[in-house]
Each structure stands twice: as C-alpha cells, then as structure tokens.
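Here the structure is laid out as structure tokens; the discussion comes afterwards.
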Amino acid sequence: MPSAKPLFCLATLAGAALAAPAPSRATDFNKRSTCTFTDAATASESKTSCSDIVLKDITVPAGETLNLKDLNDGTTVTFEGTTTWEYEEWDGPLLRISGKDITVTQSSDAVLNGNGAKWWDGEGTNGGKTKPKFFYAHDLDDSKISGLYIKNTPVQAISVESDNLVIEDVTIDNSDGDSEGGHNTDGFDISESTYITITGATVKNQGDCVAINSGENIYFSGGTCSGGHGLSIGSVGGRDDNTVKNVTFIDSTVSDSENGVRIKTVYDATGTVEDITYSNIQLSGISDYGIVIEQDYENGDPTGTPSNGVTISDVTLEDITGSVDSDAVEIYILCGDGSCTDWTMSGIDITGGETSSDCENVPSGASCSQ
C-alpha cells in the first residue's frame, strides 16, 4: 500500500487549498479507475469502487451469483479469460448485472462457461435436477451487452427485464446439449421490457432462440438460430403483464429446429399480441412447423382447443422461405373465434412438408396453404 499515503496526502492538500471541491474530485478519480477482480466475492463487494470492472478467470462458487447488481451509472464490465460456475442444484441466477448506462463486453478470447452438462438430464425446467438460470439482465437500462460468448447454460441463458437495452453480436452455444441432455436452454427470454434491440445473435440450443412473453418495441435482426424451438412470442397470458406489442423479427435464419416462426397464447387467459412482423426469415431442417400460431396452450402444452381471450392483431408475415421435414406442417393457424384480426401474409414459400387440414378461424389475409 505504499501509494495510498501519497494519494491521501494529495487529496488532503487539495482539500486545504480548495475546500469542499477536493473530496468530490477524489471520488471522481476513484470512479474513473479500473478494477481487476479474480474472485466473485470481491467483485460483488467492491463493484461500486470503480467505473471499469475487469473480471478475469473467475470461478464462481457453487450456489452463488456473480452479483453485479446496482452498478454505478456508466460502468463498463469486461470479462477476460474463462468465467466458470461450480455445480449445485438451485434456481440461480448464475450472473446478475443491473444499472444504468452500463456496457457489458469481453476480451476476444473470453468464455462464460455455465458448465451446463453437470445439470443436464433431458428434463430442463420440467423436472429432474433443479437448474439455475444463467444471466439476469434485469433493470439493465439504457445499456449495452456486446460480443459475449456464452457456453453450456444449465437452462435459459439470458433473461431480459429492462428498458432501452441493446444486445449485439452475442453467441450462446449450447450445442453440446444436443447429445448430452440439454433442454429448455432458451437463448433470450424477454418479459416486461421496452425498447430491446438484439442484433447479430448466434444461438445454438434446445429451447426457444427468442421467447417474448411480454414487452413492447422489441427488434431482433440478423440472428442465426439452430437446434431449438425457433423465433417465438409467448406463451402470452396468465402473467402479471400480458401485452406484447410492436415486435419485429427480420433478416434471420432458423435451422434444424422444431419450429421456424411461432406465436402461442394461453387457453382461457386474457392479453394482447399486437403489431407483430416476421420478415425475411429463412428456414431449413424444421421438424414440426414452419409457421405456427395457436391459442390453445394450457400447462405449457397445446390442447387443440383455442380460446379468444388473448387477441392477436396487426400481424405481418412476409418473405418467410425455406424447407421443413417431410412429416412437418408448413403452416398451422389455430385461432379463437374472432380473436385473430388484421393479418397479412406475402412472399411465403415453405416447402417439403404437409399442408394442415386442422386450421381454425384463420383471419382474412392469412392462409394455411400457399
């Protein structure tokens, strides 16, 4: 600590000369400094002592959160090396970051490794081991997450509950879960959020690439999704917030997945899905549905019986092209009586599968055939 005394003395002398402003400048100096942390406890305890936080080769103890909640405004968080989490059955999250005007990024070779294989048992959140969610980006407002490489999350990767958050060039690689029992490894789960922009994401998983449960003004562009359940809205209904409004999925690919484009709402619930656009979505290797919109979910599964309490309106499906498996359905629409309105479909060219004869209450402007 040889440098502490000179700094203290300088601050004291400045205080003698300039009175009250000196402590303010000392505080500003501390906030401008860079802190490098190599253990989770110190990072969590000292996170507000500086405005540039470097997390280097941290191993987070079992059952603990790498907690970067309530950071100072304007803080930058940089991951270096490999960040890992030790095994314990619990709900998580493994990582939590919140604050305003925060930048979260990493060095070029960094990895956030959730060690998901230790939890994977083919059950996901439906049973078996209790699995922690990975990253809560909650109350991370007016902020940016850029360039993260996330590998092997136990279940859902990034949970978003924020306002004005940009997520760019993030990779979520749960491809090991294809053969090791990964399930419900959603890429991005979005709820109670406004103005969320996700660009250039790569998601390899066994769950939704994106699932929007509630929120407004959400934009997903340039995504590459494989192995999972597709680009999803819902299930909508039965939550505190049951509105999804002004959502765009554009210029993205979905491959080797159960679904391409999906909107699902909860049976006998209420809510609103409004002003939705899927544009220029390319599909390949889809096993279940190219496009599926249904209003019959109950206890997490479709029932075949729709209800009309959640309305789905102002939907644009355009330039959705590609192929599905031979036993997959190209387009399936199951709406309640009068609850689906003002839809337009154009440039739909999905090949290789079956045409559904079970669609119900298909709104004007849409069709289950091409």
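Heads up, the Cβ atoms here are built off N, Cα and C, so glycines get one too.
Feature annotations, reproduced from Swiss-Prot:
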| type | residues | note |
| --- | --- | --- |
| SIGNAL | 1-19 | signal peptide |
| REPEAT | 193-214 | repeat 'PbH1 2' |
| ACT_SITE | HIS229 | active site |
| REPEAT | 273-295 | repeat 'PbH1 5' |
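This prediction places the mean pLDDT of the repeat 'PbH1 2' (193-214) at 99. A simple way to gauge crowding: the CB of HIS229 (active site) has 23 other CB atoms within 10 angstroms, across all the protein chains here. Across the repeat 'PbH1 2' (193-214), DSSP helix (H, G, I), strand (E, B) and coil residues number 0 helix, 12 strand, 10 coil.
When DSSP labels each residue, the repeat 'PbH1 5' (273-295) comes out as 0 helix, 21 strand, 2 coil, counted as helix, strand and coil in that order.
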